[in-house]
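Features reported for this protein in TrEMBL:
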- 1-90: domain 'CARD' (DOMAIN)
- 574-615: repeat 'WD' (REPEAT)
- 616-657: repeat 'WD' (REPEAT)
- 658-701: repeat 'WD' (REPEAT)
- 702-743: repeat 'WD' (REPEAT)
- 841-873: repeat 'WD' (REPEAT)
- 962-1003: repeat 'WD' (REPEAT)
- 1003-1036: repeat 'WD' (REPEAT)
- 1044-1085: repeat 'WD' (REPEAT)
Amino acid sequence: MDAKARNCLLQHREALEKDIKTSYIMDYMISDGVLTVSEEEKVKNEPTRQQKAAMLIKMILKKDNYCYISFYKALLQEGYKDLAALLHGGIPVLSSSNGKDSLVGVTSYVKTVLCEGGVPQRPVVFVTRKKLVHAIRQKLLKLDGEPGWVTIYGMAGCGKSVLAAEAVRDHTLLEGCFPGGVHWLSVGKQDKSGLLMKLQNLCTRLDQDESFSQRLPLNIEEAKDRLRILMLRKHPRSLLILDDVWDPWVLKAFDNQCQILLTTRDRSVTDSVMGSPLVVSLIGALLRDFPNRWEYYLRQLQNKQFKRIRKCSSYDYEALDEAMSISVEMLREDIKDYYTDLSILQKDVKVPTKVLCILWDMETEEVEDILQEFVNKSLLFCDRNGKSFRYYLHDLQVDFLTEKNRSQLQDLHRKIITQFQRHHRLHTLSPDQEDCMYWYNFLAYHMASANMHKELCALMFSLDWIKAKTELVGPAHLIHEFVEYRHILDEKEISVCSQDCSVCENFQEFLSLNGHLLGRQPFPNIVQLGLCEPETSEVYQQAKLQAKQEVDNGMLYLEWINKKNIKNLSRLVVRPHTDAVYHACFSGDGQRIASCGADKTLQVFKAETGEKLLEIKAHEDEVLCCAFSTDDRFIATCSVDKKVKIWNSMTGELVHTYDEHSEQVNCCHFTNNSHHLLLATGSSDSFLKLWDLNEKDCRNTMFGHTNSVNHCRFSPDDKLLASCSADGSLKLWDVKSANERKSINVKQFFISSEEPQEDMEVIVKCCSWSSDGARIMVAAKNKIFLVDVHTCGLLAEIHTGHHSTIQYCDFSPSNHLAVVALSQYCVELWNMDSCLKVADCRGHLSWVHSVMFSPDGSSFLTSSDDETIRLWETKKVCKNSGIVLKQEIDVLFQENEVMILAVDNMRRLQLINGKTGQIDYLTEAQVSSCCLSPHLQYVALGGEDGAIKILELLNNRIFQSKIGHKSAVRHVQFTTDGKTLISSSDDSVIQVWNWQSEEYVFLQAHQEAVKDFRLLRNSRLLSWSFDGTVKIWSFELLSPLHELRGHKGCVRCSVFSGDSTLLATGDDNGEIRIWSVSNGELLHLCAPISVEEGAATHGGWVTDLCFSPDSKMLVSAEGSLKWWNAVTGESAQTFYTNGTNLKKIHVSPDFKTYVTVDNLGILYILQVLE
């Protein structure tokens, strides 16, 4: 090695040893022939990365100038451009006198072998194509000494011959795989005599000492045998290169168990040797019936020139159409038309025999006989699954039939619909029927293809059809069909659509917003769900019609009479996971959504319909984050299992696995530019890492944070990377150098006199860049800070005003809006210019973990612990943001009126007329419970501080209890005469206060907090507690009359029937027990039915119960409202509220009106439909 090169290497030795990873660099150097495999093993045996690098450099210092140049090129190739620049000044000037090729490091041995084998030299103007050369070498390596073919095909002049020659210009390949040598034969366009001459010349070259024969072969067959003997005996393990093969028949002369590399401009030439599986199958099937007809079929194949079908085919077999046509022509005349009928089948769909029985109006045995004829001829394939037979066509056969019968397709589709209508009525389809699933999946497709628009509308706008189909396959496929056939369904001239093109929108919206219910067991009553739709909706009108018919047969249905005041702001609700959803993101084109969560899976589905595209068991532990690459080709996932994985976003194939983090990986994000794709990841090990998808190992590790890295985001121009950490800082990193550019101490923004900085833990949760990259939004605790990227100055501060923390935030790509996810179940939109809240988005039933705007900002998605992902339209949300109620309400039913006392989120006490919707605001109050007196004269208020007040509505006079509770008041209730107020609290005491005489009775009720109580007749009281007991009291006695034990968990609610013969209790396990009062016997246990993991009848705690006056019905409040038959213990109806965790159900004396508030603050006034 030159002294200059050696000195340069020694000068920069420390920097090289510190940074390089040796594996790929050594691969490059081995392919150049400057490093041996044994030397590679020696390097690999070193224990650490730095020691491996040191050993490699030590070896290079002992080698020549070619090794220095190869090392320099390897650094450039593997992305170490900065290190290569250090070595550039030491590059030596090469001479080609010492037996090595000056371009690639080809050895003298390689030159000798290629020269002897007649391999052409490089052209004067030579362009390296390393990827293609590497791919060819890999294919040659796979031959591994066994006979086989490697084909390089491409158009004329594209450099196939140069690539073939370059692929074998490799010392390791020749020495390891083809020690017998390489033999090049230029073939070209030849006739038989020309080919014989080529073969004679090749045999002469291979047998120069004439040890096998002294005369030339006289014909092609003899030449083929001579070549085979020479290759096997005299040149074993050698490679024969056939350059520029034009005709398939030529290859037959070389089909002699050799290893062959060939170049051709026609890919199909190898079919004559290796065969087209489908053509062989078709011709073989014909020969089975007529074994003497081979010459005839061969002549037919050679003579017929049918039009090629290329439309959807990834195959390219020249003889396919000819074979198909011959096979079809050879069918019996009486069954040819039946094969034509199969033109309507879709690709990759297996059709039950019963479907074709209906199509052809035949018995099963007759149909199977005909289909077996097709199977025998390889015109159809059969999948035998137990007793049932399912038939399908190869994709190419579908293409062939579609093309051949294009003019008949509409009539063929109409035929199958007509036959279906003759044999089936929609409501008679049963899941246990063999053909049931086929009709549910493809009936709409056949109607649309048959141009039967009226019938398609009638089908798609049928609540019966939607109910039946969603019960079997879920809502996503139906939503897809509404999108797919929207152009048909919106046609105004179709009478069934009621001249209103919004009908399609009604049904699609209904499915989209109830998909999380319709896709799960136990399956909800779809008519009851339909009754919750707006009264102008076609869905509601059909549901109302059906409900009225079923009510006559004793069915119970509820009308939501105040629903017109409620607007559902979600556009789509999907439930792709079986556990919490930690992250969801849009693809770059906004068409797909990827999500991940606690169930360890990655899900990909269509953003418009929720239709599932991929489901991948991605990691061994919870998946915390996912991200699409900018070009949408890849999805990255990271997990608690410390691994980062890269997936093909279309196929779900695993592309890379990275496991260099030592703790769970919390976040991942791709660069915004697809030309040089990088992935950033942040981990609880406090490190950020940058990954180049073309490399096996991490490109850069960024040190600086002292605690978990929670979030990272590239700037819009990809020059900076922002990271957020539990150490209280936001850092900006230079992507090119991986150096820390700026650090912002977010903790400083929280400095106040009330909270000294040293006592405060500030975890920076997330950040988001503005579209111009000039500002960055940072979230920590319950505040958002807007920071100037250039000055690091604080531009704005937003206090969300919640006790909960901000989980996630995202800047809109198109305007000044930001969306913020809070642990308090809600999502908020803020104007970052004015620092004002624009909207509340309520709908999730648990913590919201992530939010993200679509690429154009027109919509955003939210993902939650409640297993759902919701899509929201930004404009729609901004227009609707209303007052919400707290759950502590009281209701008074007077004659025809329903009066509701409630406190809203603005701390205003309001009196609502349930029938008219009129609201009277009474006063501001910080209350934990409230109630109305029987004649609407007084309002009682229980406070968080334990205080109890009574407000006289007529003159606003206030009476206050002198002796309050020690803890928050959970329930207050007047006696029927209004003179006594009873209250319970977290302090386990029940207070009986005659507020007019100032007399008090205190009942030391339970060992733990009193959950609630209920007034009984004859001055008696029923109470229940967290301690699992239920007690009955008399106001006169200070000890309980009765005590019931039986619930393992907390007893949340308890109620007597109207005739005092039954007692119902509900607990935290979601169980309702109905007891006989006379003897304490348990009559019924209404237990949760767990159909899937996490799915139960009640949806959690049973919080309230009420019997009907005749004691035959029972209503319960939990995650939803549920009505029960108290005589049998069976469920009669379920009303799914938008939110969950219902605390109380208020029931009118006639058991026909019900009032409750869910945890989203939505008021429900329900009436029994009559």
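Keep in mind that glycine also has a Cβ here, set from the backbone N, Cα and C atoms.
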Listed stretch, out of 841-873, 962-1003, 1044-1085, that has the most CB pairs under 8 angstroms to the repeat 'WD' (574-615): 841-873
Tally of DSSP helical, extended and coil residues in the repeat 'WD' (1044-1085): 0 helix, 23 strand, 19 coil
Within-chain partners of the repeat 'WD' (658-701) [C-beta distance under 8 Å, separation at least 6 from its ends]: 21, 23-24, 78-79, 621, 624-631, 634, 636-646, 707-714, 716-718, 721, 723, 725, 727, 733, 735, 738
Tally of DSSP helical, extended and coil residues in the repeat 'WD' (841-873): 0 helix, 18 strand, 15 coil
Cβ-Cβ under 8 Å with the repeat 'WD' (702-743): same-chain residues at least 6 beyond its ends: 663, 666-673, 678, 680-684, 686-690, 761-769, 771-773, 776, 778, 780, 787, 789, 792
Counts of helix, strand and coil residues, the repeat 'WD' (962-1003), according to DSSP: 0 helix, 23 strand, 19 coil
The repeat 'WD' (702-743) - residue tally per DSSP class, helix then strand then coil: 0 helix, 23 strand, 19 coil
DSSP-derived helix, strand and coil totals, residue by residue, for the repeat 'WD' (574-615): 0 helix, 23 strand, 19 coil
PLDDT averaged over the residues of the repeat 'WD' (658-701): 92
